[in-house]
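Asker: Take a look at what Swiss-Prot says about it:
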- 7-70: domain 'TGS' (DOMAIN)
- 253-555: region 'Catalytic' (REGION)
- Cys351, His402, His532: Zn(2+) binding site (BINDING)
Amino acid sequence: MSEITDDRQQVIITLPDGSERTYSSGVTGLEIAESIGKKLAEAALAFTIDGKPRDLDTPVTENARVSIITFDSPEGKEIFWHSSSHLMAHAIEELFPGAKFGAGPAIEQGFYYDIACEHRFNEEDLRAIEAKMLEISKRNLSINREEMPREQAIEYFSNERKDPYKVEILEDTLKDVPTVSVYHQDGFADLCSGPHLPSTGKVKAVLLTNISSSYWRGDSSRETMQRIYGITFPSDKLLKEHIARLEEARKRDHRKLGAELGLFMLTPEVGSGLPIWLPNGAIIRNELETFLKAEQRKRGYVPVYTPHIGNIELYKRSGHYPYYSDSQFPPLTYKDETGREEQYLLKPMNCPHHHLIYSQTLRSYRDLPIRLTEFGTVYRHEQSGELNGLVRARGFTQDDSHIYCRPDQLVDEICNAIDLTRFVFNTLGFDEVETRLSLHDPENQSKYGGTAEVWGQAEKDVKEAADRMGIKYFIGIGEASFYGPKIDFIVRDAIGRKWQLGTVQVDYVMPERFDLSYIGSDGQKHRPVVIHRAPFGSMERFIGVLIEHTAGNFPLWLAPVQAVVLPIAEEVHDYAREVYAKLHEAGIRTELDLRSEKIGKKIREAELSKIPAMLVIGRNEQEKGEVSLRRHRKGDEGSFGVDELIARLCEERDRRF
């Protein structure tokens, strides 16, 4: 049947395609899915009521917009994996009685749970936990939500569950929440806001991937816990596809390729999360910086440089300290020659320095917009367990720009920043880009700087610019920075993984905190609006993603070595040197391999080094004044005169394709 009605009051349900259906009041999400189709009902994990996710058994008592959530959607995966973290905790509790549980969220690829347990988990334990999870799944236990007063929940987790971590959350994080929700599956229960799967039977395939250590609540002064990572799927087929992607990802791992290709290094002698660029990697980074600097110059940006440290009072004024204090290096404290104590921070953000540059002179409305740009290095004390080569580092360089404009210029400037970001991604071969409008959470206004009215205007401007640029976007409530909404660009790499890279942020808060102003046409002072903008995001993260996207097979303009001259025999070495000299003079990064190895070995080694152009020279090429061109991963492309070849390579390099 397409609709469900009885003598109860009726409700009108609007589906995602705009169609409307009539149901009896109290109809559940599952019943709505069943009325649409059997396959949808089988795939249903949860549903949304007016955009808010709910358990499938939640009754709908008023007219509403409803959407069924399946595993195919990001929301569905998050719910599936969050429920799976509970399933894993349930399995651990049965296998290791006395284990207690901290935080267990869904993450981008799966889930984890932090566990306090005297037993030290190992790989053998992971396999046992997987088996127990599948056993519990086969029981097809109902997952039921229970709401209770916070005080009752404290008593429940203190006396029945005997879980001090949940009690601490209830007494601290949720101290102002009168009613909380607990999810039960047979004898296991967990504190959670939900929603969750309707039953454990939805989970058909399990893979636990890693064990690491963590601190309770991320605080190094608190107890150490064991973190187990995993991922689950509604079918074995999806798990097999995931494992195949993991294998491909291992081949593309930027840490592995970074070492093999001599791009960067990490060493404890320098410090965790502090990458050192080796010559080949420095070439790639320099090419990217040169590319963006040239494009920014065309678009009216002016460069600045700022120090690597700053007085702590600067960051207190901006709000970065103490807002980001948990992820900052400790202040550097010393006494000057007068005995006065001063504190400095390793620069966590470039923004405050740029605001001071803007404010150092009186500005007129005619001067705006002013676009300051800097490749500025910043430092964040990321948890050691979160570090990941270049893509998550403690020291990294942002392609940071701040645009100071009048309110009437704001939407145009946002559009220009979006256009620049698109240009960068298109040039670098990121064809699939998602856009998220990251807005504030109005129910948690104290988390943000500025008033609700200021936020309303900023979010209106961001949406207007995104609509004008024809961007298809999704909304991320609670994803905004503390000073303003932002547009986040999320690229999909060659094997389908998503990476957040560039960003455009609107800021009405910092101009107030730094008392920024310009003289308007009326002769009075006015506040500018600030746009924070970084197409790359950070050079380290962007290059790390680029390495994995290309598998180290860089386009010619970025390749550290663009061509290698490979003479077949010693008798053509002099001619090979002449060819090498011409390429070098033309600005093509070239190597000359004069070793007495066989040409096949030279070619294989050049392929492994991922050099785009291999120029093979034998007696025949010398006599004709030519070279034989072999392209990386493509093979032979024929013989060319030296000047013709150089022109061909220079055109490819300069066009950046």
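Using N, Cα and C of the backbone, Cβ positions are placed for all residues, glycine too.
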Asker: Hey, what's the Cβ neighbour count for Cys351 (Zn(2+) binding site) at 10 Å?
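Answerer: The Cβ of Cys351 (Zn(2+) binding site) has 24 Cβ neighbours within 10 Å.
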Asker: I want the residues beyond Cys351, His402, His532 whose C-beta is within 8 angstroms of the mean position of the Zn(2+) site's C-beta atoms, in chain order.
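Answerer: Checked against the 8 Å cutoff, the neighbours are Met349, Asn350, His354, His355, Asp400, Ser401, Gln505, Asp507, Met510, Val530, Ile531, Arg533.
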Asker: In sequence order, which residues at least six apart in the same chain have a CB under 8 Å from the CB of His402 (Zn(2+) binding site)?
Answerer: Asn350, Cys351, His354, His355, Tyr358, Arg371, Leu372, Val530, Ile531, His532, Arg533
Asker: If you average the pLDDT over the region 'Catalytic' (253-555), what number do you get?
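Answerer: Its mean pLDDT is 93.
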Asker: Tell me the residue counts in helix, strand and coil for the domain 'TGS' (7-70), as DSSP assigns them.
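Answerer: Helix/strand/coil tally for the domain 'TGS' (7-70): 14 helix, 27 strand, 23 coil.
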Asker: Please classify the secondary structure at Cys351 (Zn(2+) binding site) using three-state DSSP.
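Answerer: In the DSSP reduction, Cys351 (Zn(2+) binding site) maps to helix.
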Asker: Let me check the 10 A CB neighbour count of His532 (Zn(2+) binding site). How many other CB atoms are there?
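Answerer: Neighbour count, Cβ to Cβ under the 10 Å cut-off: 24.
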